[in-house]
Every structure is written in C-alpha cells, then in structure tokens.
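Student: Dumping what TrEMBL says about this protein:
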type	residues	note
DOMAIN	67-498	domain 'Aldehyde dehydrogenase'
ACT_SITE	E277	active site
ACT_SITE	C312	active site
Amino acid sequence: MRIRIIEQQSFNALGGICQTIRPFAYCPMRRAKPSPISFTHSFLRISRCSASVLTVTTEEEMEQAFDARKAALLVQELRKSFNSGKTKSYEWRAAQLQSISKMIDEREKEIIQALQLDLSKPELEAFVSEISMTQSSCQKALKDLKRWMAPEKVSTSITTYPSSAEIVSEPFGVVLIISTWNYPFLLSLDPVIGAIAAGNAIVLKPSEIAPATSSLLAGLLSEYVDRSTIKVVEGAVPETSALLDQKWDKIFYTGSTRVGHIVMAAAAKHLTPVVLELGGKCPAIVDSNINLEVAARRMIAGKWACNNGQACIAIDYIVTTKSFAPKLVAALQLTLEEFFGKNPLESQDMSRIVNLYHFKRLAKLLDEDGTSDKIVLGGQRDENNLRIAPTILLDVPEDSLIMQEEIFGPLLPILTVDNIEDGFHMINSKPKPLAAYLFSDDNGLQKQFVQNISAGGMLINDAVLHLTVPTLPFGGVGDSGMGAYHGKFSFDAFSHKKGILYRSFKGDASTRYPPYTPEKQRLLKALISFNIIGIILALLRWSEK
C-alpha cells in the first residue's frame, strides 16, 4: 500500500479553523509506549509539536472518502439496528454505560495524553474537568436509569372517567452528535451517555481541531461499545456536510453560534429536532460588597484555570463600579501571580491556545486601535508555543471587536459603571449569554439579577461550577442555544415523551354520542366545566324526562 503524506492548507471548518499542517513521521501499525510527544493508537503513531499535526492519507482511503452516499448507508445500517429493538432494553443501555465507565478507568492515561497533545491541558485540569465529569455522568445514568425509564403516572380528567394515563419515554431513533474541541472528551461523551441512556443509535462526530482526542475516541469506542449501534465519524467540513445531508431523528451540536445556524438549517430540511449548545459573551457583575480575596480566586478559576478562557461558560467580561475597579484589578493581579507565577507564559498549569488561527484571532482583538492601550495587566505572547498571558483590559470601547464577539481566550475586559445596577442594562443590550455571574452579598441585588437578566444559567458568587450539578439543566437561550442536558435532562433531551391514555370498555356513556339533545348538551357542558351543581341538575332533568 502506498502512503501519501498530505500538507493541508488553511480552510474554514465547521468546528473551527484548521491551520497549515506540517508532515512529520509515519510509523507502520505497531504498539508503542506513549511519550510526551507521541500519541499512539492501534493504527497510527503521530509525533507532533504544539502547533502541528500529521495527516496521513492512503490512496485506499482517498478512494473511500466519506461522502453523502456512505453517510446514507451508515444511517441505513444504524436504523436497521435500532429497528431491531436492541437499544430499547435496559440491559443494552446499562451494558454500554458500564463499558464507557470501564473505558474511562482503564484508559485514563491515554485520555490525559491526548488532551495534552491537543491543548497542553494540565493533567489535573484534564482529570477534573473532563475525565471525572464524564465518569460522574456515566455513574449518574447507571444509578438512575431504571427510574428514568419507568413510565410516569399522571392524573386524568372527569371527561375520560374511568381511565388512567402515563407518559412513556421512548428513544428518538438514530441521532447525530457533533462535538467541539475545547473540552473534546467531555463534550463528546456527555451527550453520548444521555443518548445511550435514552436508547438511541448514535453517530458521534468529534472535532477535527482536537485530532488526538478525536482519533482516541474513534479507537476506544469501537473497542468498548456496541459497534452496530454506536459509530464515530472523523473528519472536517466534507464529512460533517455529508452527515448533515441525512435525515436524523435528532441532532445535538456543541460549538459556535455561526455554525449553529448551519446545523439548524440542515435539520429544518427534514424537520429534525435539535439541541444547540452554543456560547456567547458570559458576563460577571462584581459588586463591592464581597470577600475580594475569595472572589478573585473564583473569577480566575472561572476564566484562566478554565482551559485558559477557551470555554463557552468562561467569564467573558466583568462589569463593576469605577470606584471599585482599581481594587479588583489589584486583587486579580496578586492572585494571578500566585497561581501562574511572574512569567505565566512558562506556567505548566494553564492550557495553550488551540491553534495558530485562534492565536491570531485573539492577537487581533488585542491590537485593535482603541483597545491595545487599555491593557492594564499581561498582554505577553509566544506565537511559537501558542501562548498568551492572562490579560486584563480596563474600559475598552463597547463597540470594539473584543466586546462584539465571544473572546474564547485569556483576555478579560473590565467595564466600569457609576452604579452596579447600570450593568444590568449593559448585559441586556447584548444577545442572551449561556451563563451570567454575579458576585455580591446583597440579597436584594441577587434577586434583581435573577429576575432581570436572561441567560442559559446563572451562578451567584462563583463561576462555572453550576454545570457540575446534575439536577440543574445546562443549556442556552436565544443566541446561546436551545435545549438542555446533564443528568436526567440528558435522558430527556434524547427521549420523546409519549402520552398514553388507558380506558376499558366499561362505563361507556351515551352522552358523548349523537344525537346531541339539549339534555346531553347541558350535561356535557357541566362535565367539561366541572360544574358539580350543573351536573346534578342536568342528571335530574334527564331522569325526570
């Protein structure tokens, strides 16, 4: 078999932008001990630097490119498996969830290594934010699956007496899950866990912007779960487009608002329901009535210790009063140095920027006229290693680029207002965010914030942690998305709620059938309006007649 090493040029991708990829070395099929600079799976070993990835294409693979025809065959195969009924049983669902749990335990080192290759994600951060959260979702589903699957008994009305009713959760069928690159393990498997729990057949499309994790997921899932009902398709725009051309029973997409429009338009052609987990500019209002030391730590954890700001719920900008801003900046500066040292570009406790495109995008935000002179802390860059130091900007223009688009990186604008309540108007003037944060001990201000700010979710006196609570729905509103998941909400996201009414042949009343006499009309109106006196009078008149 001849091998072609392809140097790919920059192109717009549905999950982001892939930059020029430099060829390194191809090793024949073999097992090798993983090292800090190599990623190994059953078929390929890739050695790479922080900004480059090897793409190896065989002529056979080029001839067998994944196109719309192959996508259609894949969906047909999965639909056949789903129609066999195997995914609907508790035993199948529990077995797949147990296999994923086992996979996470057995392959933890490989998962951490893939995340290190894709994002230079610190080991502890990778474990806490990706591995343990995925495992928790799996264990939650296993623990509660029987209860989730059980029909829900509901009351009936007098008009159907005697009767009983229930809501049955049934799987949608064959579902497509398109994942993203910033938390490539968690955000791939978390919705997959919900789809399995609900009894669906699944295609997972991981992000090509995190190639090591994408390749790992493809290999591990084919090894651990039922390959006849759960598939992984790797690739970029052509593969994703081929998948979106198909008719699915549900599509779950995590990524940008721009691509969310594309996904929703594709789904609309087939009237396919969607869950869109998007993003937006997540604000934090910071009152002066706080424990500043604790608040500064939590803000940093919700920004720079959160994949270096590359998270859809990371704090995007802060609003505080003019008088309090200097104290806030000083507290953040002190804590940032404590966390990441005097030279944060060398810190091993912070992820790098995912690729060169996003590095240059962030640099463009910083270098804009009217913004570059607003930097009060940080701003240092290392393009070769794709690193940007934590950067704070004070009172950037509201019409600047950095305030018009989601930052998704280590830049944090702080905007000042005369009164803290003025920040509400600033937030409401922008599209609804995925998350909104308030730091304040003022109960009245907390109530105002909850009542007057619309966001996918909220957290008071902390950041990001609300997504770890499985009893809370996680999802957006407006431009930040639609639908929600986590815990039972994940099960519900991939389930159709089928209402069922049961009746026997007893107690059949002639009142509902023609001819519609005046007596029947009086009785029916009384029954429908639940007018007890009217029912009695109607029955008395009927009996008299």
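Keep in mind that glycine also has a Cβ here, set from the backbone N, Cα and C atoms.
Bear in mind that TrEMBL entries carry predicted annotations, made automatically and left uncurated.
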Student: Could you state the whole-number distance in Å separating the C-alpha atoms of E277 (active site) and C312 (active site)?
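Tutor: That separation, Cα to Cα, works out to 9 Å.
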Student: Averaged over the domain 'Aldehyde dehydrogenase' (67-498), what pLDDT does the prediction give?
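Tutor: Averaging the confidence scores along the domain 'Aldehyde dehydrogenase' (67-498) gives 97.
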Student: Note down the number of other Cβ atoms within 10 Å of the Cβ of C312 (active site), including every protein chain shown.
Tutor: 29
Student: Among all protein chains shown, how many Cβ atoms are found within 10 Å of the Cβ of E277 (active site), not counting that one?
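Tutor: Its Cβ shell of radius 10 Å holds 26 other Cβ atoms.
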